[in-house]
C-alpha cells in the first residue's frame, strides 16, 4: 500500500489571520479601496476555487473543512443534550408523556408562565419545545437527565476530536491528490457510514433501547429501570425480557434465524401504547440495511483489484440512440468536486423530502404522533432543508459547467447531447409550466366563480363534479391489501395512512388514521406539480445555459455570477447562473409554502383531533378541507385567515409572547427590506454627500464607502 500523505505541508500559524485577506488574490495585492471588500470576503471565504488553482490544495481544504463541519454538528448536538439535562422537564415528561408537554428552555419568573404556553404540566416553568428530541431520547433508552449530561459531554469530546482531525489532516498529514479516489470513497461511505453506522445503531437498539422501552411501555417507573450499561453487561436482565437471548449467537450461525423473531419483527403499523413504529420493526430494518450496505461497501474496485470498475460500467452503458453513452462521465466525477457535490445534493435533498413525508405517516418515535406542534415543525423543517439542498444541487451543477467542464472529454456523450438539445428541453418544460399553471389555477378560478354565483352543483368538488385522484387511491388501496400477499406475518400495512379502518389513539388524541384523498387533494396536487416544474425550469435553464447562450455566447468567461454583460448591451442583466439560483430559490419557496399549507390544513382537518369516551373523533378544524380548499377564497378564509387570526389575537392569551415576537420579527424584516427597495443609486448619492462632509472635516476614511453591487443587493434580498 502506497503512502498517500504528505507530512507537515503547511505550518500552523496565527500570523496569517492578522494578514487581511490571506485567501483573496485582490486583497493580497494591497489594502482595499472600497467597502465592497467586506462583501467579497463573505462571498469568497469558502470558495476554495478562487483561492488557488491547485486541485490537491482545494481537495485538502474541502476534506479538513468537513471535519470542522462535523465538529460544529457535535457542538450543536451537545448543546441540545445539555439543555435537556440542565433546563428540561424530561423526567416528568417520561413519566407522563400524554399530559406533560416537552420543555427545555426555562424562562425568568419575571416573564411569567401565563404568556408562555400557559401551563406545560407538572408545574414546570418553561417554553414548550417542538424539536422532537424527547421522543428520540425515549426511543434510544435515555431514562434520566444524568444520562443526557454524559451524552452532552461525549458530544463535546467528539467535537474536539473532529477539530483535531481537521487540523491534523491539513497541517500535519495532508492527503495527496491520488488518495481521493471515487471508488474508495464510495466503499468507505457505504460500508462505514451506512453499513457500520446502521449496525451499531441496531446493536444499541437491541441491547439498550428495546428492554428499556419494553419496561417503560409496561408502566415501570423510569427510576427503577436498570441503567443502559447493566443491560449490556448483564445478559440475564435481557433474558428475562427476551428469552431468545439465552441462545446467544448459535441461531445466527446455524441459520435458525426465526429464533430471533421476538426482537426482529415484521409487524407493520404502530405500537398502540406510544403511537410510534414498533421498535422491534425498526431494529429489524437497521439490521437489514447494515447487511445490504456492508456488502455494497465491497463492490467497487480499488487498488485491491477486485470488484466493479465504475469507469468500465459507465463506458459500457450505450444505447442505440445515445451516441457515446456514458463515456467521459467518469472523468467528470473524478476531476470536479462540484459535479460530485451536485449529484449528491440532488439525491440528499430528495431523500430529505421523503423523510418529511415519513415522519407523520410512519412516526418513528414514541409519542411523536400526538405532539402536533412537533409534527408540523418536523415536516416544515425537512421540507425546507430538502428544498435548499436541491437548489444547492443546481448551483453546484452550474459552477461545475462554468469552472470544471471540459468539452473535449465529453464529445457526443449523453451529457454533451443534453447540452446540445437544451432548447428543446427548456421549451418543452416551459410549455409544461404554462399548461400546468393555467389548468390548475383555472380549476380554482372556475370554482370561485361558481361559488360566487351560487352554483355549487357546477363546482369541482367531492359533492358536485368529482375529480377523484384515482391513481393515488389505487396506490393507497394496493398498500392496504399488499401485506396479506407479500408479508403474511405482518399484522398491518406499512402505514395506517394508506386506508383500512385502523385508528390509533394515544390518551385522548389521535395519533394516526387513514387519510382519504379526494377532489381537493387532486386540485392542490396540480398546484404542487406546477410550482415544482417552474422551479425545475429555472434551475435547469441556469445549468444548461451556464456556459453560453444565444444572448451571451461567451458566458463561461464571465464566470458563475456577474451583474450584466458590460455597458452598452442592454437586456443582459441577471442572466448569470447565479441569478438563476436566486430566482430558483424564490420558486422553491413558493412550492414549499403550498406543500406546508396543504399538509397543515389536511392534517388538522382529516387526521389530528380528540376522541371521546364513546369513540367519536373530533378533528381540529372539523374536516373542512375537502369542501373549503377547492376555492382560492376557501384557502384565504378558512385556512390563512382562520389560522392567522389566532396569532393576531394571541396578545391576550397564553401565547402572547410568541405573538409579540412574531410581530417584532416582521418589523425587523420590513425595516431592512425598506433599504433594499429604495435603490442603489439613492444610497450611493447619499453616501457620497456624507463622504464629502467627512472630507471637509478631514476625517475621511481610507476605504471609500460604496453601495451594494447588483449581485450583493440580490444576495441580501434573497436572504429576506
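Cβ from N, Cα, C; glycine included.
Residues annotated as chlorophyll a' binding site in Swiss-Prot: 666. Here the Cβ of residue 666 (chlorophyll a' binding site) has 10 other Cβ atoms within 10 Å, regardless of which shown protein chain they belong to. DSSP classifies residue 666 (chlorophyll a' binding site) as helix under the three-state reduction.
Here Swiss-Prot flags 674, 682 as chlorophyll a binding site. Classification of residue 682 (chlorophyll a binding site) by DSSP places it within a helix. The Cβ of residue 682 (chlorophyll a binding site) has 12 neighbouring Cβ atoms from other residues within 10 Å, across all protein chains displayed.
Marked as phylloquinone binding site by Swiss-Prot: 683. All protein chains included, residue 683 (phylloquinone binding site) registers 17 other Cβ atoms within 10 Å of its own Cβ.
Residues or ranges marked as transmembrane segment by Swiss-Prot: 62-85 (among others).
Non-local neighbours of the transmembrane segment (148-171) in the same chain are 8-12, 60-61, 63-68, 70-72, 74-75, 77-79, 81-82, 84-86, 88, 90, 137, 142; each lies 6+ residues outside the stretch with a CB under 8 Å from one of its CB atoms. Taken from Swiss-Prot, the feature transmembrane segment applies to 148-171 (among others).
Look at Swiss-Prot and you will find 186-210 (among others) tagged as transmembrane segment.
The transmembrane segment feature in Swiss-Prot is assigned to 282-300 (among others); the stated evidence is sequence analysis.
If you look up Swiss-Prot, you'll see 337-360 (among others) marked as transmembrane segment, on the strength of sequence analysis.
Within its own chain, the transmembrane segment (376-402) has Cβ neighbours under 8 Å at 49, 130-132, 332, 336, 338-339, 341-346, 348-353, 355-357, 359-360, 539-540, 542-543, 546-547, 555-556, 559-560, 577-578, 580-581, 584-585, 588-589, 591-592, 595-596, 599-600, 603, counting only residues six or more beyond its boundaries. The annotation transmembrane segment is assigned in Swiss-Prot to 376-402 (among others).
Residues or ranges marked as transmembrane segment in Swiss-Prot: 424-446 (among others). The list of residues near the transmembrane segment (424-446) in space but at least 6 beyond its ends in sequence, with Cβ under 8 angstroms from a Cβ of it, reads 418, 459-460, 467, 523, 526-527, 529-530, 533-534, 536-537, 540-541, 544-545, 630-632.
Here Swiss-Prot flags 522-540 (among others) as transmembrane segment, drawing on sequence analysis.
Look at Swiss-Prot and you will find 580-601 (among others) tagged as transmembrane segment. Long-range Cβ contacts of the transmembrane segment (580-601) within its own chain (Cβ-Cβ under 8 Å, at least 6 residues beyond either end) map to 360, 376, 379-380, 383-384, 387-388, 390-391, 394-395, 398, 521, 524, 527-528, 531-532, 534-535, 538-539, 541-543, 621, 625, 629, 635, 639-640, 643, 714-715, 718.
Within the same chain, residues 111, 115-117, 646-648, 683, 713, 716-717, 720 sit at least 6 positions outside the transmembrane segment (655-677) and bring their C-beta atoms closer than 8 Å to a C-beta of that stretch. Summarising the annotation, Swiss-Prot assigns transmembrane segment to 655-677 (among others) and lists sequence analysis as the type of evidence.
What Swiss-Prot records for 715-720 (among others) is transmembrane segment.
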In the same chain, residues at least 6 away from the ends of the transmembrane segment (186-210) whose Cβ sits under 8 Å of its Cβ atoms read 139-141, 228, 231-232, 238, 241-242, 263, 279-280, 282-283, 286-287, 289-290, 292-294, 296-300, 302, 310
Long-range Cβ contacts under 8 Å made by the transmembrane segment (715-720), restricted to residues 6 or more beyond its ends, are 43, 582, 585-586, 669, 672-673, 676, 708
Within 10 A of the CB of residue 674 (chlorophyll a binding site), the number of other CB atoms across every chain shown is 9
Counting only residues at least 6 beyond its ends, the same-chain positions whose CB falls under 8 A of a CB in the transmembrane segment (522-540) are 391, 394, 425-426, 429-430, 432-433, 436-437, 439-441, 443-444, 460, 467-469, 472, 580-581, 583-584, 587-588, 590-591, 594-595, 598, 629-630
Simplified to three states, DSSP reports residue 674 (chlorophyll a binding site) as helix
If you measure between the CA atoms of residue 674 (chlorophyll a binding site) and residue 683 (phylloquinone binding site) and round to the nearest Å, you get 12
